[in-house]
Amino acid sequence: MKNKVFASIGDAVKDIKVGRMVIVVDDPGRENEGDLICAAEKASPEVINFMTKYARGLICVPMKHERLKELEIENMVEKPTEKKGCSFTVSVDYKIGTTTGISAYDRSVTVRKLIDKTAKHEDFARPGHIFPLRCKEGGVLARTGHTEAAVDLVRLAGFYPAGIICEIMNNDGTMARMSDLIKFAKKHDLHIITIGELVNYRRRTEKFISEIVNVDLPTRYGDFKLVLFEDLITKDSHIAVVKGVVKNRQNVLVRVHSSCETGDIFHSLRCDCGDQLETALKAVGEAEQGVVLYIHQEGRGIGLANKLKAYRLQEKGMDTVEANKALGFDPDLRDYGIGAQMLSELGIKSINLMTNNPGKINGLESYGLKITKRVPLEISPSKSNEKYLKTKKEKMGHMLKKV
């Protein structure tokens, strides 16, 4: 294994291609589980035995809905209550040429037959010893689970989109955490990757934004073009408000603005979002060319309902970061790949970015955009939002001089 904790997605895909396993973890900064993953096409008694002997978790087969439908393999329960939203189906055994179904040989046969187009639904006994998992359409871009990571990885490796996964446990039966997984990887010469990096890889290498329509947009700030984009995975709509000719222009003035219904529409004084949007539109309207992106990522990515729940916690004394964490969210869940692809579709590669947020700069640059200059977009604090802005400066690193 290389002398670093996390391998590249490219290295992991190479391993999958030659039939090796990789370890996939939820998040490097959290105490979450790691799963062994390999391609279902590479299922063998040796692979199954390794998983049962060394990983010790439940062996499952993530796969696409279409194949499960062909085999008439239904969900295990009609209304799952499992908190991570993992979609288990009924367990199965392949009936032909197997015995009890539990041996490494029998389970490897069942895995291979699940993806064999000649195998029919009547060839499988229910229940059994292999647990198919229904992958969410869109893979890790739709759900950041091991199920989706497995299907994405094997697809990238050129195999049929189905994998084998098994949680890794310690000798004493406890779940293996990050330090344990690093030792496990070194012992067995395996690469470790994160689901987050797989998400980033797909967003960098695949197109998932499509232009739907563009229209003239006369406003109090000037005459613009409004370009509507659709996220092909989530079906969310995002807007680009464009001034002048921006295609192939250098250092275009850009604001990437996340939606804030309370601030942008109802002029809430809890935040500076509405004022920032108006200031950005005014600046772009006065420029020769520019763009304001309006991204559907309410509440820094947690959605309107959760944002309002966070407001309730703030009314009880928490700040915006503490409230997010109390609800189980990171302080900022926004995905800048959406904005980067919208700018790319508009033919823009270098920008002057209106922002106070260093995370936004890093996020956009990670997708290949050149940020020539940062243009501050600071709004004077009010009594209602002073604590909010102070928290953004002290806990989120925002570059604010007036707070």
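Cβ coordinates come from backbone N, Cα and C, glycine included.
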Swiss-Prot Zn(2+) site partner of C271, C273, selected from C166, C260: C260
Close in space, distant in sequence - T144 (D-ribulose 5-phosphate binding site), Cβ under 8 Å, 6 or more apart: D26, I195, G196, V199
Sparsest-packed of the listed recorded positions (H129, H146, R334) - C-beta count within 10 angstroms: H129
Residues near D35 (D-ribulose 5-phosphate binding site) in space but at least six apart in sequence (CB under 8 A): I23, V24, A55, G57, H146, A150, I165, C166, E167, I168
E167 (D-ribulose 5-phosphate binding site), number of other Cβ atoms within 10 Å: 18
Cα-Cα distance linking R334 (active site, nucleophile) and H129 (site 'Essential for DHBP synthase activity'), given in Å to the nearest integer: 39
